[in-house]
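Swiss-Prot has this to say about the protein:
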type     : residues                                                          : note
ACT_SITE : K132                                                              : active site, N6-AMP-lysine intermediate
BINDING  : D46, Y47, V48, Y49, D50, S100, L101, E130, R153, E187, K303, K327 : NAD(+) binding site
BINDING  : C421, C424, C439, C444                                            : Zn(2+) binding site
DOMAIN   : 604-684                                                           : domain 'BRCT'
Amino acid sequence: MNPADQFTPIEDLTFTQAQAEIRDLSDELTKWGREYYEEDNPSVEDYVYDAHYARLVALEKAYPSLAMPDSPTQHVAAGNQTKNDSRGLQKVVHPVPMLSLGDVFSIQELLDWDLVTTKNAGSQQKYNLELKIDGLAISLRYENGRLIQASTRGDGSIGENVTDNVKTITEIPKVLNEPLTIEVRGEIYMRKEAFADLNQQRDEEGKTIFANPRNAAAGSLRQLDPKITAKRHLSSFIYYTAQNDVLGVNTQSDVLERFRQLGFPVNSSNKVIDRMTEVKDYIDEYTIKRDNLPYGIDGVVVKVNDLDVENELGNTVKIPRWSIAYKFPPEEALTVVRDITWTVGRTGVVTPTAIMDPVFLAGTKVKRASLHNPDYLQEKDVRIGDTVTLHKAGDIIPEVGQVILKKRPADAQAYPIPVYCPSCKSKLVHVQGEVALRCINPECPAQIKEGLIHFASRNAMNIDGLGPRVVEQLLSKNLIRKISDLYALTESQLTTLDKFADLSSKNLIQAIDRSRQNSVERLITALGIRGVGAKAAKVLAAHFKNLRNLQNAGAEEIAEIDGVGQVMADAIRQYFNSESVASLINELENFQVNFDYLTTSTVDEKNYFFNKRIVLTGKLIHWTRPQMQAWLEEHGANVSSSVSSKTDLLIAGSDVGSKLERANKLGIKVINEQDFINLSNAKK
């Protein structure tokens, strides 16, 4: 079943319905991303995330004017660099972000992607096919051939230092066969046999067993004690580097061969095809072989084989344009719906969830699945007692497929849509044009809880140690009722919480105190204004410089800011018009929470590149593209991925393609790498 089948066809949506769905999808994906990357506790399977992400991409393509600047499709989630995370692992900033791959679920979608890629590349491409290993991404840095650092993907911008743990994985070389300085990336996974042995041992010891090999690998790699990691028998495959020039190769298939020569573990199942029509045979082959492989796979990765073309195609801020992942169709099982519950999110959206008899799907025990919204529930007509098909979209998120009507109990009744909020009992509102049912009571306990969790999260105020369980305890003990109460907490109050010793209390108070000094874009994100995420908050902070300026700005002024728009401006204005918000802002100011925009460096506005729209193309010698882009942005430039009439400057390396041709047609100034060095007087 194609994951897209759950959604209303885009062509049948009204503009207002599309707008509402885009907003709700963005909220859901942001929440799920936080759970996955920050809290290591996802509430939905990967398949559900992938399906909703693909839906958001399609909606934004159909309605580009509705795409929000802070959309999950427009950025890799980012956070501030801090010394350690809640586990005690040191944070590592990735100089080149570790991007996710775009997902497709059918051969036709692969063929469609091939058409776009061929058009952008200017010619038919050969592709390197690789198995998509079901593990977690790893970055390995070598200097003069010696392993000096290993880090997890994290949120794509910041990962965790797991060097000592990785050194216990025998397959990963500590010293390369050549003294190269290079960063490579790959996958850490747990073989099926090792996973079975580990779970048997844990079961015998009375410990909780792991749901699947990926979770086991992730938990094993992120141990504070390398001795524990060593006992888990992890494995690895290496498949990528951004430094192909170091290897002296021209194709992705050659990259894999050079990795073998250097001593890296490389999966031997890759295959080069001349055209995308050949991909079906490869997919069919490994669909059959999948269950008999000694490791888990959840799809096939397709990569442009020509590295020069890869470089030319580049990346969006979220995904590479030169590669895509085909996800295997989800596994299905039959189960019985025993209950339908309703939960309230941060923005007041009330979501139905099916509670079912537990079943195993793709190695995971599943007993809950979101029913998304009242319209979806009524369209599916899911009733308590129904037998339903359950699958994992993209092998990740549990989803109810079909109701088996012939098995429906005679007394099964259509499930009523609630009239009152399950948390605060306020009357629910179904806003015209929206699919969501909302609680609009600002004092709703569920919304307050979710708002506090969001306020403390990594992308917001980044209060380490203030997770969902702590927030729940603080609320249940009446130690806090609203956001500003966090800044009045004392160590003695925190010691009354379960599992909170003096040190834990001291650490949390220190984390709360540190958050007072955050630059104001974090506070803007943390306030939870509908549609305003981290990226939009940064734009607003840079423009207004102070929270009070934003609070007092009119909707028209806000809407004129590049990348904001009228919908977000109206939401911001509506938010600050609230008396309770005005009171909250005053309280935060009284608690000395910083309201100012703190720039990381002073930009010399006289430098040649300041305020210019710049595009990079071609192969560079002295710089990598990410390094040059970072330098330009630090010095006030706006770096774009495509040439347009608004482009001020094209910086061209060697082996350039269509961007140079387009720049020349538009009369845009073009300089080379040496010109850049001369103008900037910059050293890498």
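Cβ coordinates come from backbone N, Cα and C, glycine included.
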By DSSP assignment, list the helix, strand and coil residue numbers for the domain 'BRCT' (604-684), in that order.
27 helix, 18 strand, 36 coil
Its Cβ having more other Cβ atoms within 10 Å than any other among the recorded positions K132, R153, K303, the winner is K303
Using a 10 Å cut-off, grab the number of neighbouring Cβ atoms around the Cβ of D50 (NAD(+) binding site), all chains included.
24
Any idea what the model's mean pLDDT is for the domain 'BRCT' (604-684)?
81
Cβ within 8 Å of the mean position of the Cβ atoms of C421, C424, C439, C444: remaining residues of the chain near Zn(2+)
V344, G348, P422, S423, K425, S426, L428, N441, P445, A446, Q447
If you measure C421 (Zn(2+) binding site) to L101 (NAD(+) binding site) at Cα, how many Å is it?
38
Of the binding-site residues listed here (D50, R153, K303), which is spatially closest to the residue listed as 'active site, N6-AMP-lysine intermediate' when Cα positions are compared?
K303
Using only C-alpha positions, which one of C424, C439, C444 is spatially nearest V48 (NAD(+) binding site)? These are the binding-site residues in the record.
C439
Could you list the residues of the same chain, at least six apart in sequence, whose Cβ is under 8 A from the Cβ of L101 (NAD(+) binding site)?
V301, I319, P320, S323, I324, A325
Counting only residues 6+ apart in the same chain, whose Cβ is under 8 Å from the Cβ of C439 (Zn(2+) binding site)?
V344, G348, V350, C421, S423, C424, S426, L428, V429, A446, Q447
